[in-house]
Amino acid sequence: MFEYPQGYKLIAGVDEVGRGPLVGAVVTAAVILDPHNPIEGLADSKKLSEKKRLALAEEIKEKARAWALGRAEADEIDEINILQASLLAMTRAVKSLKIQPHFVLIDGNKIPKDLAIPAQAVVKGDSLVAEISAASILAKVARDQEMEELDKQYPEYAFAQHKGYPTKLHLEKLAELGALPQHRRSFAPVKKALEQF
């Protein structure tokens, strides 16, 4: 059981999706839930079916007091590394909220330095904290939709299937077709593909 910090009225949960993929942005979400408007079935986005995630994402957007997305693009990831880019994207999500929270709960073990709001990192927060679960669902749905859009542009890479993660199929496509502008140049398999072409 997670114990919420005491004395804070508006608490935001923050999570990121897309640290592991070789392509595209790392996407984050920040969510302030409404205690008078509970959402059933919130869980870590990775443990939910796509259908369930999509339904919950709509419900979160409808019922949350505030929600926002943040992102760091592939070129930013290459410039400052994936961890720093994830933290930057988290800060962007929090700053984009229409209501500023009094406290922020962040999935993982790191807190962005420039948040300027009291915060706590929660390991396995996406399973323990409803606000972080909600954020993980919004971020995952948003990023998956981006991969589906990329798939329409470059169907030969099968992005809708692997969502940019370094699966056997994605690595085969990289070796065969080379890297796209959206690929993260600092990631080893992409570097290798760039050297071959």
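Cβ coordinates come from backbone N, Cα and C, glycine included.
The annotation divalent metal cation binding site is assigned in Swiss-Prot to ASP15, GLU16, ASP107. Annotation note: ASP15 (divalent metal cation binding site) sits in a strand segment as assigned by DSSP. A sphere of 10 angstroms centred on the C-beta of ASP15 (divalent metal cation binding site) encloses 32 other C-beta atoms.
What Swiss-Prot lists as domain 'RNase H type-2' is 9-197.
Annotated divalent metal cation site ASP15, GLU16, ASP107; additional same-chain residues within 8 Å of its Cβ mean position, judged by their own Cβ, are VAL14, VAL17, THR28, ALA29, SER86, MET90, ILE106, GLY108, GLY125, ASP126, ILE132, ALA135, SER136, ALA139. Non-local contacts of ASP107 (divalent metal cation binding site) by the CB criterion (under 8 A, 6+ apart in sequence, same chain) comprise GLY13, VAL14, ASP15, GLU16, ALA121, VAL122, LYS124, GLY125, ASP126, VAL129, ILE132, ALA135, SER136.
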